[in-house]
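**Student:** Found this in Swiss-Prot, in case it helps:
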BINDING   ASP24, GLU25, ASP116  divalent metal cation binding site
DOMAIN    18-203  domain 'RNase H type-2'
Amino acid sequence: MAVIKGITPEQIAQICVGQYAGVDEVGRGPLIGNVVTAAVILDPNNPIEGLNDSKKLSEKKRELLFEQIQQKALSVSVGSATPAEIDELNILHATMLAMQRAVAGLNIKPSSVLVDGNRTPDFGVESHAIIKGDGLIDAISAASIIAKVVRDREMDALALLYPEYGFEKHKGYPTKAHFEALAQHGVLPEHRKSFRPVREALA
């Protein structure tokens, strides 16, 4: 595994060869729900305009690109780790597990895997961790969009089950509204019990 910071266009050209997969995660910081990862192999002959780090795109734009990625990519796979797995393994190791699941779910074995961030798990093929890769490499951008839309939809579904928590707004992140809901309504089965605010709410 190589960690690449400040990647140059020349380096991008060197590593973006063959049927490589981009991988990213969403949901390391929230107090509830799965950490969600995605792996995407794009089709160089069927480009998608407007790919970028999902955090820099509007919800409407993410949803539009989500559909285009599903239609145009060679392969798309989502992998998750549950709150129970997060509590057992810790969030870092659970995220690595979710990434392995996403790559294993691809219907094409990638020639290499490019991950946003500063570390990768063992995928059984060459891998590179690329800092800020979600804004630099289209396949990672696509993975960030898929993971973000999938996780947001999971939070919207949770909001229908527990409307008093406001998950459709804060998506489970540690906001003032979420802390107030925890204090008033208590901890849900889907909360991550190893995260301090949840642990304190249980005390």
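Placement of Cβ uses the backbone N, Cα and C atoms for every residue, glycine included.
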**Student:** Give the mean pLDDT for the domain 'RNase H type-2' (18-203) on the 0 to 100 scale.
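**Tutor:** Within the domain 'RNase H type-2' (18-203), the model's average pLDDT equals 96.
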**Student:** So which other residues, same chain and not among ASP24, GLU25, ASP116, have a Cβ within 8 Å of the centroid of the Cβ atoms at the divalent metal cation site?
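**Tutor:** After dropping the recorded site residues, what remains is VAL23, VAL26, THR37, ALA38, MET99, VAL115, GLY117, GLY133, ASP134, ILE140, ALA143, SER144, ALA147.
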**Student:** With an 8 Å cut-off on Cβ-Cβ distance and a minimum sequence separation of at least 6, pull the same-chain contacts of GLU25 (divalent metal cation binding site), or say none.
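**Tutor:** Those within reach of GLU25 (divalent metal cation binding site), by Cβ under 8 Å and sequence separation of 6 or more, are VAL35, VAL36, THR37, THR95, ALA98, MET99, ASP116, GLY117, ALA147.
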**Student:** Near ASP24 (divalent metal cation binding site), which residues of its own chain have a C-beta under 8 A away, given they sit six or more steps off in sequence?
**Tutor:** THR37, ALA38, SER54, VAL115, ASP116, GLY117, GLY133, ASP134, ILE140, ALA143, SER144, ALA147
**Student:** What number of additional C-beta atoms lies within 10 angstroms of the C-beta atom of ASP116 (divalent metal cation binding site)?
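**Tutor:** Result for ASP116 (divalent metal cation binding site): 25 other Cβ atoms within 10 Å.
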